[in-house]
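Reading through the structure tokens given below for one structure.
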Amino acid sequence: MVTSCTGHVLDNQRATTRGVFSSGSHLVTLHFQPHPFFSCVTDAVNGARSRFSAFYPKANYGLQGSQPSDVRAHNRAANGACDEYKQLKVLSMGRQKAVIKARREAKRVLRRDSRSHKQREEESVTSLVQMGGVEAIGMARDSRDTSPILARNEAQLHYLKAIESKQLIFATGEAGCGKTWISAAKAAEALIHKDVDRIIVTRPVLQADEDLGFLPGDIAEKFAPYFRPVYDVLVRRLGASFMQYCLRPEIGKVEIAPFAYMRGRTFENAVVILDEAQNVTAAQMKMFLTRLGENVTVIVNGDITQCDLPRGVCSGLSDALERFEEDEMVGIVRFGKEDCVRSALCQRTLHAYS
């Protein structure tokens, strides 16, 4: 049974109660549902729809949209506001007048549901951000993996120690050893703890004779499939909504770009991850490593056995490993087949093809 109303909420513990409020052309819709689930959908700008959901009692905020353009349009809300209902574990976001009306309704719900919410009404609704929808989304970190990053074997332990103590780290070895996962997870940890200002992820687009020109869309959309392994880890560690906020060009806390875009840049106060480094040439590797500035950690991952460079072209990863072998300021970690942690089948496959 679903009960709908306008301007007030029906106290029905068995039904889903919905309150709808209109503020000019900007609509804020609150969906009230019996605990443990509560969600809020807001229509903020030009009909753009975003969903903020939570699972009580943990404050797991989720940001979704019917299309990416919906979320982007919502994020650009001018004169917007964001409220956090701590006890309901939900965010309400949109035009300021509409959010104020939603706030009143949330207070009413908290009063009626005193059995579950015993704190004072004033403590239940905290205004996070006014006149700035972008920052509000940045504050809305949804559920994310906060478990400690632990090593599953000795090689991973050396890798973690190298990332924590060195400015330049090379990691090479077979597939499934956790090179990409650990580097992305540590980068997310550094960003959350504000040890760095941004994360930069890059990789060469050369892979198995494929070309970005065959993929649809602009350069960002063409590059997206290549970024997916790192993206999945960052979303898991940062949270989906905070990740969307970080990817905004004007925010720039997380940047993804093809390797060719690194020329002429300087990396400072950042964690830089170069993935699939076996597919860069020696000259390209030199260009990349000379981009290093202050307070930067550069992690270079690759697998020499999966090199897609033309025959006779030396891999920049192999060349760099030889040049920095004796350098105490550089961390070098080599993973073997026995260090594969992806699955038993993956480990057997590595041995079968060795």
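Glycine residues also receive a Cβ, built from the backbone N, Cα and C atoms like all the rest.
Feature list (source: Swiss-Prot):
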- G173, E174, A175, G176, C177, G178, K179, T180: ATP binding site (BINDING)
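Feature annotations (Swiss-Prot) mapped to structure.
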residue	record	Cβ neighbours (10 Å)
G173	ATP binding site	22
E174	ATP binding site	25
A175	ATP binding site	17
G176	ATP binding site	20
C177	ATP binding site	31
G178	ATP binding site	23
K179	ATP binding site	26
T180	ATP binding site	21
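Close to the recorded ATP site, the chain also has D303, F335, D339, C340, V341, R342: residues not among G173, E174, A175, G176, C177, G178, K179, T180 whose Cβ is within 8 Å of the site's Cβ mean position. In three-state terms derived from DSSP, T180 (ATP binding site) belongs to a helical segment.
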